[in-house]
Structure formats: structure tokens, C-alpha cells
């Protein structure tokens, strides 16, 4: 069938298999051009199908020549409904890696569940022995507590007081004022349960108990801080509370891994167009301005550039750590001259000048690319088989 983008709000409900494959190939190409990294050899990536998790799986496999086990929860094609972009991404990467004669194991299931943890541990024992790097990059709207069975939901709200600011509807290019209401205590706790560090710790404890962690193992979870303009909705909101919990967990994990000389790290990454960030009010406008400023300065990076740099710093022993022991690969975003330029543009921006003062057009293009649309070298008028890549 011929696949075209279809939308429900900020969610694209279709994905293009050949476009997703091309997107993965472009990232692989970047890594190959930049050379090998002497690093991890057996890697578990939790949340391996999109964004930073996908980039981590690609860098591990292609730069480090590591065996990779990737866990994701994606939708296969059914009837006339395409698979999710993540499903095509993982299939594309798996085919490519196996074509090179390397190992890539994928598990499609709920990483929050005990069943998937057990399945992954068995697969590590059978195929890899032990892993020396665990990447934690899960993003989900809900999580079922594996002990109590209670289902928790995450939400995107402020804490304490409502907050009004500008946001961008990137479909229309309109700048609108938006008010975000404060969360209840229940919503704050729900977001922490889904997006905090609890499940990361459960994974590390289960892997350690099963004796599938290598001596000197490292584990990294991804976070974001950003500038003050986004604080009320992000860092000081429900998501920020969850990220604080995630960051606190890194130190606790280092204690758990002490007997293995292991370490838990948080990597604070750059703001990028992802399925998650495009739905966050205010952040979409901030990213559009950020992209324009960083491109003009020649410092712009996407997921793959960020993660390649992080792996290189991690394994070459020159990590950029802050006072709280967090890896800072958001350093180019948070550079004083970049943030000063954004602060100057922010109050001036309107629906009339948004395409001139920001990179709103590119935000839209990048968003479409997440689902395999708008990539060079893909004929979108062709009939495609939506069940495979």
C-alpha cells in the first residue's frame, strides 16, 4: 500500500517502513564515518527503538562492535494499519547488524514487567554470558507496578501553581498562549512511578542477582535539565520531579554495583525533536529557536551525534561531569552565548515572524522523519509492504 502521514493531535498514527529504514541507515552511516570506539562489548538497551535509546543501540553495535540486546514495546502492522516507527527501526537495525555477521537480539514487550526481565536475563545467559553496559532509555505513559499490580500514569503538569507561556503549533506555525495547570499529589507520584528511577533500580538488582553483570559494568539513564524558560513545565514540573528521582537513583545504583566495581550514571542530553518532546508545550518553541541558533553557530547535534560523543567520552576517560556527577552532553546547548541568543529571540516571537526567528520549519521536518516521512532517497509514491523493512 501507499503510506502517507496521518495525525491525531501531536501523534502521527502511520509510519513508513522504507523511510524508517533510511533514517536508521543515515545514523549508521554517521557512526561509520566517525570511526570505532574501544568500549562496551555486550550491551543491554532498555528502550531501544527510538530517539536516544535507538542511537545508543546503533553506537554500541557500529562503533564498539558490541553484541546488543534491545528491549522495546512496539506495534506490528495489522491489516491496513502500519507498524509503529519503533518497530520498523528495530527491524531495520537488526537486519543491518546481522547482515554484518554481528549479534543483535530484540525483545518486544513491557520492560516494566517481571516477565520481560526474566526473558531478558535468560537471553543474556544463553547468548552473551554477561553484559558490561546497560542503557536505560524508557519513555512510557503508563507503568504497572510489578509487585502491587497497580497501574500508574505519567502526566505533564506544573507543581504548585498554573503557568502560562508561549507555545508553537508546528503543524500551523501558530504561536499561542497556553496555561498548564498544577498536578495533584497523586499525579506527581504517578509520574514519579512511571518516569523515575524505581524500574531502573529493579532492572539492575534483577541483573545483579542473576549474575549477568560484568565486573566494571556501567549503567546510564538519560535526563534533561534545559533553561529557565522551560523550568515550570519541565524541571520544576511533574516530569522534573520524576527526573530528580531518576538522578538520585544513579548514586544508589553505584552503591549496589560497588562489589562489581560498577557505576550508575545520568547523562543530561540536549533538547531534540522526539515523539515525547513534540507534545510538551513551550518546549517545542524553545527547540525551534535552539535549532536555529545552534545551526548558525555550527554546534547543532542530533541524537546520534550526541550519543556517539557520549560513548567516546565515556570510554576514552574524559567525561564532562558536573558537581552532581552527571554526564553533561547538553554543554553546547547550555553554552552562555547560545542561551543569551535564545533569551533575546523569545520575547520577540509571534505567529508572523516564527519562521524567520526560529527553525519551526525544520522542527516539522524532523518530526515527520521520526515516522519515516520526508527522507531523501525514498519514493513515497511507491507501493510498500508494511509488514517488513
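Every residue, even glycine, has its Cβ placed from backbone N, Cα and C.
Swiss-Prot annotations:
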- 234: active site, proton donor (ACT_SITE)
- 47-52, 73-74, 110-111, 138-139, 243, 272-274: NAD(+) binding site (BINDING)
- 224: substrate binding site (BINDING)
- 74: site 'Plays an important role in discriminating NADH against NADPH' (SITE)
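Locations of recorded Swiss-Prot features on the structure.
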residue: 47; record: NAD(+) binding site; Cβ contacts under 8 Å, 6 or more apart: 53, 71, 72, 111, 135, 136, 137, 138, 139
residue: 49; record: NAD(+) binding site; Cβ contacts under 8 Å, 6 or more apart: 70, 72, 74, 84, 85, 86, 87, 89, 90
residue: 51; record: NAD(+) binding site; Cβ contacts under 8 Å, 6 or more apart: 137, 139, 272, 274, 275, 276, 303
residue: 73; record: NAD(+) binding site; Cβ contacts under 8 Å, 6 or more apart: 108, 109, 110, 111, 140
residue: 224; record: substrate binding site; Cβ contacts under 8 Å, 6 or more apart: 234, 243, 268, 269, 271, 330
residue: 273; record: NAD(+) binding site; Cβ contacts under 8 Å, 6 or more apart: 287, 363, 366, 367, 370
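Comparing the recorded positions 74, 110 by how many other C-beta atoms lie within 10 angstroms of each C-beta, the top residue is 74. Around residue 138 (NAD(+) binding site), taking its Cβ as the centre, 23 other Cβ atoms fall within 10 Å, counting all chains.
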